[in-house]
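S.K.: Would you mind keeping the following structure in view while I ask a few things?
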Amino acid sequence: MSQPAAAPARTVTVRVPAKVNVQLSVGGLRADGFHPLANVFLAVGLYDSVSATRAETPRLTVSGPDAALVPQDRSNLAARAARLLAQRHGIEAAVHLHLAKDIPVAGGMAGGSADAAGALLACDRLWGLDTPREELLALCAELGSDVPFSFAGGAALGQGRGEVLTPLEVGGDFHWVFAVADGGLSTPDVYRECDRLREAEGTGSADTDVPEPVASEALLAALRGGDPQALAATVHNDLQAAALSLRPALAETLTAGLEAGALAGLVSGSGPTCAFLLPDADSAARTAHALTTSGTCRAARPTSGPAPGATVV
Ligand code: ATP
């Protein structure tokens, strides 16, 4: 007797990680408005969950402490991802997307990109499309520079605008604490401030003056070796000065984390979240506690990376 066909899923939920840039080197402003990057991404264990449920008309809801800061209309990156996938397959994007957000919003941890990557995978499975991974990654790149990495997870070197990914080998888990700030920073504002500071310093924002960004061999070796001390000596973020210029109080957060025992502290991406590297899970828990009580951040979250990319749960 043949088995009855399985009923199509009504809801698909995908978990998708935040990222920290262990190296973010920013080249000079190009004529097209973008900066060439050497961007070493590490996915870390703070996750958003994206649920896609069959619906008559498109709908989007958001939960989590920062839900009020997330656009709930067509402009939401997750809604755009669903529309793009539906358009490519010539179908209606009739889906209810629910974003359970744990990644800080506008925090420099690619929360919106994570939701876009999660929505693509969740809708693909809900609609039974089974789009090949390479095609999904190409759609991710259309949605934004950080979206392919959110989809892929692990660790990777991003070149171009950050979207041309080369997966990287990582020799062990790295322990981190993320100090979440009150309020976000706009990524375009931080890039503009970076250009302004470079011009004021006389290093210029034109492509002639700023060296072509390249990945640090020492940093890649530290990742391969799973060596936190070596990684701490090589982490670097070219956007940090700009984020500190726009949000001077972040200097106090960085000092508090270093005083609490971090091997290194840096602004995550365009900020304002600050990332601290620790030698092990126990010291991460202690540093998170010290940061929470320091009054220099809204919350401090211990976690580790590399974390897997978008995963159906
Ligand atoms: P990145 O690190 O990639 O520069 P970010 O982590 O600093 O990004 P996001 O959390 O992605 O910032 O939010 C940036 C802006 O994008 C928000 O202020 C919000 O207006 C908009 N946005 C659109 N869709 C989403 C989404 N699903 N989640 C969060 N923000 C979104």
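Glycine is no exception: its Cβ is also placed from the backbone N, Cα and C atoms.
Annotations in TrEMBL come from automatic prediction, not curation.
In case it helps, TrEMBL gives these features for our protein:
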ACT_SITE  K19  active site
DOMAIN    76-154  domain 'GHMP kinase N-terminal'
BINDING   P104, V105, A106, G107, G108, M109, A110, G111, G112, S113, A114  ATP binding site
ACT_SITE  D146  active site
DOMAIN    220-292  domain 'GHMP kinase C-terminal'
S.K.: Enumerate in sequence order the recorded positions K19, P104, A106, A114 whose Cβ-atom distance to ligand 1 is under 6 angstroms.
M.R.: A106
S.K.: Sequence gap of 6 or more, C-beta under 8 Å: which same-chain residues meet both conditions with respect to A110 (ATP binding site)?
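M.R.: Expected: A18, K19, I103, D146, F149, S150, G269.
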S.K.: Is it possible to get the count of other C-beta atoms within 10 angstroms of the C-beta of G108 (ATP binding site)?
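M.R.: I count 29 other Cβ atoms within 10 Å of it.
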S.K.: How does the model score the domain 'GHMP kinase N-terminal' (76-154) in terms of mean pLDDT?
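M.R.: Result for the domain 'GHMP kinase N-terminal' (76-154): average pLDDT 97.
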S.K.: Around the Cβ of D146 (active site), how many other Cβ atoms lie within 10 Å? Please give the count over every shown protein chain.
M.R.: 28
S.K.: In the three-state scheme derived from DSSP, which category covers A114 (ATP binding site)?
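M.R.: The three-state answer is helix.
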S.K.: Tally the residues of the domain 'GHMP kinase C-terminal' (220-292) by DSSP class, grouping H, G and I as helix, E and B as strand, and everything else as coil.
M.R.: 40 helix, 11 strand, 22 coil
S.K.: Neighbour count first, Cβ atoms within 10 Å, every protein chain included; then name which of A106, A114 tops the list of binding-site residues.
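M.R.: Counting every other Cβ within 10 Å of each candidate, the maximum falls on A114.
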